[in-house]
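Shown next, in structure tokens, is the structure this report addresses.
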Amino acid sequence: MPQQSRSAAEIYHQPLMDLLFQAQTVHRAHFDPNVVQCSKLLSIKTGGCPEDCAYCSQSARNGSELSASKLMEVQRVLAEARRAKEAGATRYCMGAAWRSPKERDMPAVLAMIRGVKAMGMETCMTLGMLDADQALRLKDAGLDYYNHNIDTSERYYSEIITTRTFQDRIETLERVQAAGINVCAGGIVGMGETAEDRISMLETLAGLEVPPQSVPINMLMPMAGTPLADVPRLDAIEMVRTIATARILMPASYVRLSAGRSEMSDEMQAMCFFAGANSIFVGDTLLTAGNPDEDKDALLFAKLGLRAEVPEASQEGCAA
């Protein structure tokens, strides 16, 4: 059956060997299958977020014991960025636990973008919802990518978040694209959603006016004190199916194997790479979640014959 005539559900639910073969075929048509993009993520403002995202330890409404911090000083952010570049990162992603940026913080945020850009790395930020003017100012400062995940399907969304709507997220993505910034948008799996919710989420992303340049697929890492702290872990094959379907639906996008890698075996990660994932975050922390240390990633890359994308060949990137 020709790919374009099949529904996303037919792609997702087909026999796994067929799904993996098709995903790897699509992947090889657009990317070197042995190259993985490596990005670094820094939390520039942690905790105290007014949103009620059920998965997030940074929400002030959840019962986690995470303390709120102030916005990190610009020079400290740039020092961390230099270390990331020296360690091989080709793009630098900065995240703040906000509903949306406040005007008083914009000068510092813009200075961070300009400073990281001057180092020769690509820049990405995730700051919450944006209005049109904020998006244009970020673009003018040199922002390459903006991350704003849709998290899950429109149907399941209100089970996870009530303080902003699914449409709010779509409108922010539209403003980012209108400003000329590349979009990074994905979601989280393993939050109690159905396979149909995962499929619907991917259909929404692929159906944007321009599909995201980067699609982070996060596997829920249950955080103590959050409403999802005791959600059963998603079956590994469902994660692989999600990655493979994302690759087929968005063939030219980077598909990032994002949060949750610290809980995955080498074999599971290898299957995700074979399914079309070609981007990861490096470093031992993703905002507030754990991540494999860089030595462990180096060993895995050596075992699988993978190599990190070099800056000269780099094209896309973003946050979790």
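Glycine too: its Cβ is placed from the backbone N, Cα and C atoms.
Per Swiss-Prot, the features are as follows:
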| type | residues | note |
| --- | --- | --- |
| DOMAIN | 34-261 | domain 'Radical SAM core' |
| BINDING | C49, C53, C56 | [4Fe-4S] cluster binding site |
| BINDING | C93, C124, C184, R256 | [2Fe-2S] cluster binding site |
Give the mean pLDDT for the domain 'Radical SAM core' (34-261) on the 0 to 100 scale.
91
If you count other Cβ atoms within 10 Å of each one's Cβ, which of the binding-site residues C49, C124, C184 has the most?
C184
Reported as an integer number of Å, what is the Cα distance between C49 ([4Fe-4S] cluster binding site) and R256 ([2Fe-2S] cluster binding site)?
25
Near the Cβ of C56 ([4Fe-4S] cluster binding site), how many other Cβ atoms are there if near means within 10 Å?
26
Which of the three DSSP states, helix, strand or coil, fits C56 ([4Fe-4S] cluster binding site)?
coil
Let's check the environment of C93 ([2Fe-2S] cluster binding site): how many other CB atoms sit within 10 Å of its CB?
31
For C53, R256, listed as binding-site residues, tell me which one has the smallest number of other Cβ atoms within 10 Å.
C53
Pairwise Cα distance for C184 ([2Fe-2S] cluster binding site)/C53 ([4Fe-4S] cluster binding site) [Å, integer]:
19
Between C93 ([2Fe-2S] cluster binding site) and C56 ([4Fe-4S] cluster binding site), how many Å separate their Cα atoms?
18
